[in-house]
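In what follows, a single structure is set out as structure tokens and then discussed.
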Amino acid sequence: MGVQFPALKTMVTVFLLLMGNMSPVVMKSSIPLRKVKMVASKVVTPGSSLYGVALKDLADTSYNITCTLQVENWIRYRLIVPSVQMVYGVVTTTPIAIEPAKREAFAVRKTSDTASGVAGSVSWELEKARRRFVIMWSVPDNFNSFGYWMGLGMTREGLVDPDKDWYGQMYSGSSDGDLTFTRKDFSYNTDSIIYSNDKFEVEGDMTNTQHAQIKIVIRPSSNNWKDLAPKIRRKLKKKPKPARQRDN
């Protein structure tokens with residue numbers, strides 16, 4: 001006997017209906033940033049460079065000018081191949097790769113017996129995203145003549161090699177086709193700065209003290225939540241448990 005066409009048609013119809021109801025898991029772009037921040041504050045944890053130690057404790061305070069830099073990675077890409085270019089000062093703890101949903105840090109200090117502060121740039125490659133994320137900083141020795149500067153930026157897609165000239169460009173130059181950025185003097189106003197492009201956003205804070213602290217968050221832009229770190233995405237998608245009713 002041949003297959004009865006009405007039965008086959010019914011099976012195909014049911015299959016298509018089921019497939020139509022199996023929507024792919026997609027993060028809604030309407031999720032507000034404040035909710036992402038709330039979840040990230042619970043999910044992002046210290047990596048090996050901060051295991052059992054506070055950020056301030058990384059600074060070598062036997063020197064009067066230091067800077068500690070902390071980066072939180074809220075994106076799904078690893079931040080790899082860190083590269084530091086020091087203009088003034090020396091590195092005391094080196095930057096390392098940063099896994100998704102982790103925070104890592106490193107520290108720098110002034111050079112011994114010099115009248116200079118600490119200044120330089122550090123960058124990480126966004127693994128599989130084919131671009132590099134860059135931080136510029138300057139903590140002065142003479143607070144009356146120089147400011148507390150920080151810059152945040154990112155290279156174009158396809159450019160992953162670090163450049164020794166990024167510090168100078170971000171301190172006193174302007175964005176170009178290879179590197180776009182924003183910068184700010186934190187000497188009198190310590191409000192956050194934000195750099196953004198079509199896919200990513202970087203937010204940074206800097207204190208204006210001799211032992212400066214820089215705290216950075218790299219995250220997807222609000223129309224690109226699919227690039228959030230998996231741990232953050234899972235927490236955002238998790239439905240809250242219904243409140244238990246009390247027995248009368």
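Every residue, even glycine, has its Cβ placed from backbone N, Cα and C.
From a predicted model like this one, the values you see are computed outputs, not experimental measurements.
Under the heading signal peptide, Swiss-Prot lists 1-23, citing sequence analysis as support. Annotation comment: Swiss-Prot describes 45-64 as region 'N-terminal region', evidence class similarity to another entry. Per Swiss-Prot, phosphocholine binding site is recorded for Gly120, Ser138, Pro140, Tyr167, Tyr171, and the stated evidence type is similarity to another entry.
Counting residues per DSSP class in helix, strand and coil order gives 7 helix, 2 strand, 11 coil for the region 'N-terminal region' (45-64). In the three-state DSSP classification, Ser138 (phosphocholine binding site) falls within a strand. Listed in sequence order, the residues of the same chain lying 6 or more apart from Ser138 (phosphocholine binding site) and placing their CB within less than 8 Å of its CB are Gly117, Val118, Ala119, Phe146, Gly147, Tyr148, Trp149, Met150, Tyr171.
Mapped onto three states, the DSSP output places Gly120 (phosphocholine binding site) in strand.
Per-residue confidence over the region 'N-terminal region' (45-64) averages 96 (mean pLDDT, predicted model). Of the listed binding-site residues, namely Tyr167, Tyr171, the sparsest CB environment within 10 A is found at Tyr171. Taking the mean position of the Cβ atoms of Gly120, Ser138, Pro140, Tyr167, Tyr171 as the phosphocholine site, the remaining residues of that chain whose Cβ falls within 8 Å of it are Val87, Tyr88, Gly117, Val118, Ala119, Ser121, Met136, Trp137, Val139, Trp149.
Sequence-distant contacts (6 or more apart, same chain, Cβ under 8 Å) of Pro140 (phosphocholine binding site) comprise Ile65, Gly117, Phe146, Gly147, Tyr148.
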